Amino acid sequence: MGSKPQKGYQPNSVISAKTADGQSVLVWLALAGIAIFLATQPFQVALFNGGAWNYEAPINRAVVWAAFLLVAVSVRMFSAWRFTDSRDLTAVAIWIVPLFYMISMTQAASAHYAGQMALISTVYAAFYTAGNVLAREKTGAAVLQQAIVISGYLIVGYGFVYLFGNDFFRDAVMLEGSGLRLTSVFQYANAYVAFLMAILVACLFLTISARKWYWISLHAFMLVPILTSFWLTQSRGGYVLLPIILVLVLPFLSFIRQIMLCVYLGAAALLSIALMDHFVAIAVPIWEKFVAQYEQTQKKPTELLLSVFDSASWSGWSRLLIFSLVFAAAVALIQTFVYPWLQNKLQKISQIKYGSLYFPLALVVLGAAGAYMLFSTSWITSLLPSMLRTRIENINFQQHSVLERGTFYEDALKVIGDYPLLGSGGGGWMALWEKYQNNPYISRQAHSFFLQYAIEVGLIGGALFLLLLGVIYYRYVRSCAGKSESERGSHLVFYIVSIAILIHSAIDFEMSYVYIAALLFLCLGGLTAGTASREYAWTLKLRDSRWRMAIPAAVCLIAVVSIVAGSIKLRADMHYRNALAAINEEKPFDQMLAPLDAALSLQPGHPAYVVLKANLLGQAFQQLKDESYYEAAFAIIDKVKQKEPYDRSVLESRYNQYIIKQDYAAALEHMKLLLTLFPWDTPDEKRNPRVPSFYERAIDLNAFLADQAGEQNNQELRSSYQKEALRLLQTVIDKAETLKDLPKEQFSGRPFGVTPQMRITVGKVQFSNGKYDEAVQLLGPALKEDLSQPLDRSIARFYLAALQRLNQNDQPLYDRLIAADANEKTFLEQLKAAE
């Protein structure tokens, strides 16, 4: 009585001859909009949500684009929406994703990240809704699936454009200790491999299911480039997970198609492996030159780019084209002439009950045996290219990447423990990771979508999302049981792509790419559209009610709000860029502030905008000594700090305000807060000038304030500050010691330990207190042969002075010091004469 299932697949007639002309145009515009999005947005670093302001503009443009798409879909929903179909219910349920992101904003670790993520989550819901509505009719489903796969082909193709030196994109090809790693538009090999696995299996399915020879040829042609890219990512996670994804897809195919898919995969794999060494030999010299020039100029090395017909580049392209064309021709012939004959011969096997499960189960057994042979003997791996062989031989659970992920997950659970129910808001991990980290790694991503999602929206939001995923997949799998193979295949690409992304996202952060996440939600929507519809008795009374229009109206309203919000953010970004340009051009102060104020009027809580204005006002205060500038700067940082309590740039700006005001006691108190939020902080050696760590600054401040107290004859306060400096040094020593407890295979992360700056500061403290032995022991490890730098000379000076007080000497060091700077002789005599 509660529900009435409808038999078979019964799509809504979304794109039919009976559809009104206006509605039909609207639907096709929506489909075209999705196709354009899929084809263009990967080239915006796949809309990576990295937390920095420069990533935001492309994402906000995507928000506006998705919102316009949602308007078109919502208009279609006004005529098609009945709220009696189970697929309509999931279209409502998907909005729990942005809902919980908005709820989590109430206790967000970063108001800015949380607001941005709430807006991004509407993109996900929009793409799910679009897939759900547009893929209910076979034409819409076919267009969307072809758009997904062909956009993937574009990305793969452009990956080779980068590889062979025809274009440059920073980190599209990475040269690491393990060799070359292809990342294409993603700039991260593991994100690329997740995408490649999805496109690879979808391409294999379309190759064996296409009926027209030209479609067969196109999809078969791409198999060798996709697999070559797959190997060149050097992603061990991808190598391990691909067989699992295949096993999850094969049961949806007939026995003959399972066989053909595996045959084509094996053949393409052999051809692609044969190409690897040659491609690496071509690409490495090209990219060594690219990287060297880019590091010098920070500009695209345009003059080094190669023509496609350059001998080195063409050597790669020609081999790739020949291998792909020959393979495509062979597959097209087999599918046209051999496949029908095999299908007829093996028809009885295909008709066996549960027959589609036997081959995948056999593959599991064979795969386990193959894996055992692969890792227990060397003769198989010895046949592989050296780079691939080394990578495969290093697959184990005691490798750095696995152990480090374990640390990430443990730290993620700590965050969840402190924000269990509603989460820490969007971007929670990005805001909090340095507070909770076990060792000084660098990772603004939790390396697991599910854990990161739970961190952001809490266990309640996470559990509801998992429940929704379970319902979507359960209903799809169950509905496939009653369908013919052609009916199952009508939406299978959605299943393939979504399952590949979700599985890999459990161990990495490709879902931080808005493009990949939007693709996933589009596929989940398409998956839902492909399930058998189901009517519920309790909703039948809404079928003809005006209240059924409430959902499309709400969706349309959300779309309009998203358009406005995204447009405001884009306009603010434009003003901020104008402010940066004015600063670079050294325009008058008011011309720098005007566009910045315009940006802040649109986004008053944006940390980057606030910090830039505070810094400008601080510089004005230093130059003009006008207190109003300092007070204005202090006030805006005070305001933003309430909503961004963990933002490093905001907290650094407050520290700098104390320093320029010469309020060193307040600066030290503030530094104590920073050390609780960033307990593994290390110096930034890459910046010029070098940025000292929080520990170095805290120790320096204690030593400085101790000297001030001594000048004021406040020995008790002097001793207190000096003890604190020594305590901080010991804290660094103790924390560095704990790093030895990490597994030997796991890297500790950033270099953490006692720095020369800490040694000279505390060494001076020990020297001033007459503890010369301690000063010598502390300063000795920091001595250098080259004494050209003032810090190194200061270390040598106090080391020698301490030795002299102990009636010892180091003549070679003394000679080097005087040779480096003759004034050091006078400095040493002054130290010797001092009491």
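Glycine is no exception: its Cβ is also placed from the backbone N, Cα and C atoms.
Residues or ranges marked as domain 'O-antigen ligase-related' in TrEMBL: 325-466.
Beyond its flanks by at least six residues, the transmembrane segment (25-47) meets 14-15, 19, 55, 58-59, 62, 65-66, 68-69, 72-73, 75-76, 127, 130, 134, 140, 143-144, 147-148, 150-151, 154-155, 158, 185-187, 191, 513-516, 518-519, 522 of its own chain at Cβ-Cβ distances under 8 Å. Under the heading transmembrane segment, TrEMBL lists 25-47 (among others).
Long-range contacts of the transmembrane segment (90-109) within its own chain (CB-CB distance under 8 A, at least 6 residues past either end) are made by residues 115, 117-118, 121-122, 124-125, 128-129, 132-133, 419, 422-428, 431-432, 456-458, 460-461, 464-465, 468, 471-472, 521, 525, 528, 551, 558, 645-646. Taken from TrEMBL, the feature transmembrane segment applies to 90-109 (among others).
Residues or ranges marked as transmembrane segment by TrEMBL: 115-135 (among others).
Remote same-chain residues near the transmembrane segment (147-165) are listed as 31, 34-35, 38-39, 42-43, 172-173, 182, 184-185, 192, 195-196, 198-199, 202-203, 206, 219, 222, 225-226, 229, 232, 279, 282-283, 286-287, 290, 304-306, 308, 310, 312-313, 316-317, 320, 493, 497, 519, 522-523 (criterion: CB distance under 8 Å, separation of at least six residues from the stretch ends). What TrEMBL records for 147-165 (among others) is transmembrane segment.
Look at TrEMBL and you will find 238-256 (among others) tagged as transmembrane segment.
Here TrEMBL flags 263-287 (among others) as transmembrane segment. Note on the transmembrane segment (263-287): residues 163-165, 173, 175, 179-180, 204, 207-208, 220, 223-225, 227-228, 230-232, 246, 306, 312-313, 315-316, 319-320, 323, 327, 331, 384-388 of its chain, located 6 or more positions outside it, place their CB under 8 angstroms from a CB of the stretch.
What TrEMBL lists as transmembrane segment is 320-342 (among others). Residues of the same chain lying 6 or more positions beyond the ends of the transmembrane segment (320-342) and with a Cβ under 8 Å from any Cβ of it are 160, 207-208, 210, 213, 216-218, 220-225, 228, 256, 259-260, 264, 267-268, 271-272, 274-275, 279.
Counting residues 6+ beyond its ends, the transmembrane segment (354-375) has Cβ neighbours under 8 Å at 243, 246-247, 250-255, 258-259, 262, 381, 392-393, 395 in the same chain. Here TrEMBL flags 354-375 (among others) as transmembrane segment.
Annotation comment: TrEMBL describes 450-477 (among others) as transmembrane segment.
Under the heading transmembrane segment, TrEMBL lists 489-507 (among others).
Residues annotated as transmembrane segment in TrEMBL: 513-537 (among others).
Tertiary neighbourhood of the transmembrane segment (549-568): same-chain residues 60-61, 63-64, 66-68, 70-71, 73-75, 77-78, 81, 83, 88, 91-92, 95, 98, 119, 122, 126, 129, 602-603, selected by CB-CB distance under 8 Å and a gap of 6+ residues from either end. Taken from TrEMBL, the feature transmembrane segment applies to 549-568 (among others).
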How do the residues of the domain 'O-antigen ligase-related' (325-466) split into helix, strand and coil according to DSSP?
104 helix, 0 strand, 38 coil
Six or more residues out from either end of the transmembrane segment (450-477), which same-chain residues have a Cβ under 8 Å from its Cβ atoms?
86, 90, 93-94, 96-97, 100-101, 103-104, 117, 409, 412-413, 415-416, 419-429, 432, 491, 495, 499, 502, 505-506, 509, 511-512, 524, 527-528, 530-532
Compare 238-256, 489-507, 513-537 by their Cβ pairs under 8 Å to the transmembrane segment (115-135) and return the stretch that comes out on top.
513-537
